[in-house]
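What follows is a short report on a single structure.
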Amino acid sequence: MTELLEGFAAVLTPLNLLYAAIGVTLGTFVGMLPGIGPALTIALLLPVATATTDESSAIGALIMFGGIYSGAMYGGSTTSILLNTPGESNSVATSLEGYQMARRGRARSALATAAIGSFVAGTISVIALSLFAAPLAQLAVRVRASDEFALALLALVSVTALMGKSLLRGMMALTFGLFLGTIGMDSLFGTERLTFWQFDWAEGFKSDLAIGIDITLIIVGLFAIGETIYTAGRLHRLPTKVAPLSTKGSGGWMTREDWRRSWKPWLRGTALGFPFGTLPSGGAEIPTFLSYNMEKRRSKHKEQFGKGAIEGVAGPEAANNSAFTGVLVPLLTLGIPTSATAGVMLAAFNSFDIPAGPSLFEDHSLIVWALIASLYIGNVMLLVLNLPLIKVWVMVLRTPRPLLYAGILMFAVVGMYGAAVSPFMLMLTVVIGVIAVFMRMYGFPIAPVILGVIIGPMMDEKFRKSVEGSDGDLSIFWTRPLTAGLLLLAVVSLVLPYLPRIIAKAKGRKAEKLTVGDGD
């Protein structure tokens, strides 16, 4: 409790409150733009935010990033309800009933339900984060290098297996990320890998890749350039039809009946979302749809589902927000990112030379508790700002998309110039961006690339430390119970999503054989 109060003291200064306000406002804005989310926004700001690396600068930057992270969840519900265009897959469940409410003239009620539900879920889940994060970090201190390797592999495999429609494409994207993360000097012996030496008449043999590729440049290339160009090209021809904000009859803010039907779904969605968020392969998509189905089964107004049932907005939106807060648990306690946004947040920690993981709560206590405290304050700011500013957000949604994406691309170019240490790195960032565009065009997910770049070097280091510590004995990976259990979970998480399909095919073949046998 003392550490949390110190965190509040660090946040409650005029400058840091300003950072929090900028973060939540910017997060809401980018959350409303399809294809433009918190990962891209934080990637754009990384070169500027990490220009100075002292503790006060780190606190201010992480507070702003935390605000962007929280605000994007609010913004995603706005487009789902008013445009029926979920910015991310985790907002699809909200759009099922939210857009139907908006079509019936109840857009304000749907937006208020989503905003208050996000506030309730965000506050409760941040309390849970405050209670569980530090004890988990203390337990994680006892984890050995082999356990950390197995845990990183579990996170990498399970998340990749659930991203995208094709396991093969997900694994290929992951391999590309591992390749990018391998370039440069290894962390233990300084051996150069994949640096592609070139001959220069003035300097002899040299390589611009000897120091590796800055994670900021990779993120800017993949998200700020690749994702922006792809999204702009896909959406610029689509008409922007925003549902009207009626204030007549039941089209105003939430009625007493709305409150009565919403408060239980808010709590159930929160309880469902947070545990899923803490899992390596949890994500927010699964709990939002589970919440939607749960509310549909429990509702006394089942006939309204599909036509604008308010429970179908309240539950999924609460589950969505609490799941995204749950993602911070493995990030802060173990240093394991389980989503693209968490990966970019980890890159931000690394840019400030702050290693996220078990030692974070001991070595950088003020920074991590300031981040957690800012999430409390950010939730209040979001509730206060977003409800009165709904008309402003509608105006933003009506802005021509080419102007919005052109501005984002301009900031991406500025960020590239700030982070690139040489013209070669600048061109390499552009090449990565072009590759990202083609990946999206052909159905390759981007998030596994980011996770591969970040987790790959971590796995490499932990694996080699494990082997070195055991004098080259590889049996440590199956004789140590925790390591073996985590590796087994990695295999299960890789196979489990495809097990029903395998069983169905096996049953089909058995039925064919029986049919042939009967025919004979």
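Including glycine, each Cβ sits where the backbone N, Cα and C put it.
Taken from TrEMBL, the feature domain 'DUF112' covers 17-451. Across the domain 'DUF112' (17-451), the prediction's mean pLDDT works out to 77.
Annotation comment: TrEMBL describes 20-46 (among others) as transmembrane segment.
Residues annotated as transmembrane segment in TrEMBL: 110-137 (among others).
Summarising the annotation, TrEMBL assigns transmembrane segment to 149-164 (among others).
As annotated by TrEMBL, transmembrane segment applies to 171-189 (among others).
The transmembrane segment feature in TrEMBL is assigned to 209-230 (among others).
Summarising the annotation, TrEMBL assigns transmembrane segment to 327-347 (among others).
What TrEMBL records for 367-390 (among others) is transmembrane segment.
Annotated transmembrane segment per TrEMBL: 402-420 (among others), in sequence order.
If you look up TrEMBL, you'll see 426-456 (among others) marked as transmembrane segment. Within its own chain, the transmembrane segment (426-456) has Cβ neighbours under 8 Å at 39, 152, 155-156, 159-160, 163-166, 169-182, 213, 215, 217-227, 229-230, 336-337, 339-340, 343-344, 346-347, 416-417, 419-420, counting only residues six or more beyond its boundaries.
The transmembrane segment feature in TrEMBL is assigned to 477-499 (among others).
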To the transmembrane segment (327-347), which of 110-137, 171-189, 367-390 is linked by the most Cβ pairs under 8 Å?
110-137
List, by number or range, the same-chain residues at least 6 past the transmembrane segment (110-137) whose CB is under 8 A from its CB atoms?
3-4, 70, 73-74, 77-78, 81-82, 94, 97-98, 101-102, 253-254, 258, 262, 265-267, 269-270, 273-274, 277, 308, 310, 313-315, 317-322, 325-326, 328-329, 332-334, 357-358, 360-362, 372, 375-376, 378-380, 382-383, 386-387, 390
